[in-house]
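Report on one structure; see the data block that follows.
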Amino acid sequence: MTLRSPVEFQDQFDVIVVGAGHAGCEAALATARLGCRTLLLTLNLDRIAWQPCNPAVGGPAKSQLTHEVDALGGEIGKMADRTYLQKRVLNISRGPAVWALRAQTDKREYAAVMKNIVENQPNLSIREGMVTDLVLGDNDEIQGVQTYFGACFGAQSVVITTGTFLGGKIWIGNKSMPAGRAGEFAAVGLTETLNELGFETGRLKTGTPARVDRRSVDYDKLEPQPPDEQVSWFSFDPEVWVEREQMNCYLTRTTAKTHQLIKDNLHLSPIYGGFIDSKGPRYCPSIEDKIVRFADKESHQIFIEPEGRDIPELYIQGFSTGLPENVQLAMLQTLPGLENCVMLRPAYAVEYDFLPATQCYPSLMTKKVAGLFCAGQINGTTGYEEAAAQGLVAGINAARHCQGKSLIIFSREGSYLGTLIDDLCTKDLREPYRMLTSRSEYRLILRSDNADQRLTPLGREIGLIDDRRWDLFQTKQANITAEKERLYSTRIKEQDAVGKEIVDYTQQKIKGSIVLAELLRRPGFHYPDLEKFQLGNEELKPEEKTSVEIEIKYSGYIKRQQTQIEQVSRHSQKRLPPGLNYMAIETLSMEAREKLTQFQPLTIGQAGRIGGVNPADINALLVYLETQLRRSVSP
């Protein structure tokens, strides 16, 4: 139920954040650090920043998001660097645009460290409570929240980060129970309040695999997946880097017996049995989906991953399911190495309410209620990193809203988190959204190594980057610039002793002379090769050397992509008048008129990314705007 002011508030805050998962923690920390008195409300104080599925951070596209959150002053990258069990850089044999750092983290340690951080953050209060109602003012602006038991708290901004808890229901086979995740009750009431206010809500599904006792596994039958010898970092702040002993993950595979067992029991699955019809994540399918969709595959990789240093549970990645418990155990015991495994927790599917993010502006403030923001799985995403990125953006803008400042919109050409939010706000998504490198048109520019170069100046301007971090950033950028200048100006000659050595080493001629930058551009030649011939700079840090090499080696491609961005930006940043009557523009297709009226894009670029709006419609819209402009200035 929606309440109208005046309401007697138990306490008054600037910002209230509903939910203390990965989005909620980032949002609350951001608002508190920006000087807002903040209340973080959660169902369970002992489950702050819990990792209910895979305890891992990073991976393709997700690592770029994590680096970007850190570059802006967020927390998730620091958390992974403090609590990792294993780190690996994925896709290292491919180009730098798709390099992806991934960390397996200690589940309990991660939650404990984050809990300590939010508990000790100035301006931030944490309380248990289930928000069921919103308090609005006379102009439908947010003024506070009410909990299930009637406590009211006032605020100028409210951020909803409810994860899978909103109307959550977990399924194992044909059995279900209300729950946000196993062992924790669902949140009720808030969906009905949002519906009352005219918001559209829907249902999505996700799932998590079983956990098995690591003492019951035969490791001799598993293929070890060791960590990288050279540890890489998510955070650009060396102060949070913790060198620690790493652990192995392991690999096994499904067998013909696994596949047959699943086929024989498909009718018992919540999805295939017809018990639920919510859409699940396309890029993280259940094992049943894999067997059905990829029937020609004889086997699927299954990764066995530790959940902590002192935790007996192993996470069975790639084996999520909603089949009954007895079937799950039989399935697990068909995997090599797990023939005698003990299942400690069964896999389950969870369905929950979400609010399609087309009802939000790119600031993540809702279009219907000023001061109300949404972030994380309520917006239709899946993944801790996607949630953290949205939480940070929502937190920044919630703070700026109550401070009377303009809201920040991140462009898709400037960041992965801008791409993520742009997709959410302009596309009618009906399945859980996962960030992929292929979703960005500008991935060569939006690399992990330059996330600080792209976003830390903005983080400083916003107020989340302190003097120490700013000094570190400026020193790093100065070192990179100076080294590039040195490499472009230092020349070696064909007849020099070092020149002859390089020719012998590379089996490529030097015609007269060559600058070191051109040498670095050659395929197969890298910065460590310069160092072999005493032509490197020993004072540079490893991450600075990496950035220098990438910027030189791929300079042609980078310049070409920058040119493309500039060309696209000429029209894409053109703002659309608020309240524009698209239904009156007869040169637009009827579908375009309906979609533009529904989504109310802010710019031409956003309009062009809405499904059903084609290039001809965009041209017609540009012509219409130009005609209106001429009429307005003509005497």
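Each Cβ is built from the backbone N, Cα and C atoms, and glycine gets one as well.
Record features, source Swiss-Prot:
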BINDING   Gly19, Ala20, Gly21, His22, Ala23, Gly24  FAD binding site
BINDING   280-294  NAD(+) binding site
Cβ atoms within 10 Å, counted per site: which of Ala20, Ala23, Cys284, Val292 has the most, among these binding-site residues?
Ala23
Given the FAD site residues Gly19, Ala20, Gly21, His22, Ala23, Gly24, which other residues of that chain have a Cβ within 8 Å of the mean position of their Cβ atoms, reported in sequence order?
Val17, Cys25, Glu26, Ala27, Thr42, Ala49, Thr161, Gly163, Gly376, Ala387, Gly391
Cα of Cys284 (NAD(+) binding site) to Cα of Gly24 (FAD binding site): how many Å, rounded?
23
Which of Gly19, Gly21, Gly280 (the binding-site residues) has the most other Cβ atoms within 10 Å?
Gly19
What residue among the binding-site residues His22, Arg282, Lys290 has the most other CB atoms lying within 10 A of its CB?
His22
Tell me the Cα distance separating Gly24 (FAD binding site) from Gly280 (NAD(+) binding site), rounded to the nearest angstrom.
23
To which of the binding-site residues Gly24, Ser286, Glu288, Phe294 does the lowest count of other Cβ atoms within 10 Å belong?
Phe294
Quick check: of the binding-site residues listed here (Gly19, Ala20, Gly21, Gly24), which one has the Cα closest to that of Lys290 (NAD(+) binding site)?
Gly21
DSSP three-state assignment for Gly19 (FAD binding site):
coil
Could you check which of the binding-site residues (Gly19, Ala20, Ala23, Gly24) sits closest to Ser286 (NAD(+) binding site), going Cα to Cα?
Ala23
Report the nearest neighbour of Glu288 (NAD(+) binding site) in space among the binding-site residues Gly19, Ala20, His22, Gly24, comparing Cα positions.
His22
Could you say whether, by DSSP, Val292 (NAD(+) binding site) belongs to a helix, a strand or a coil region?
helix
Rounded inter-Cα distance in Å - Gly24 (FAD binding site), Arg282 (NAD(+) binding site):
25
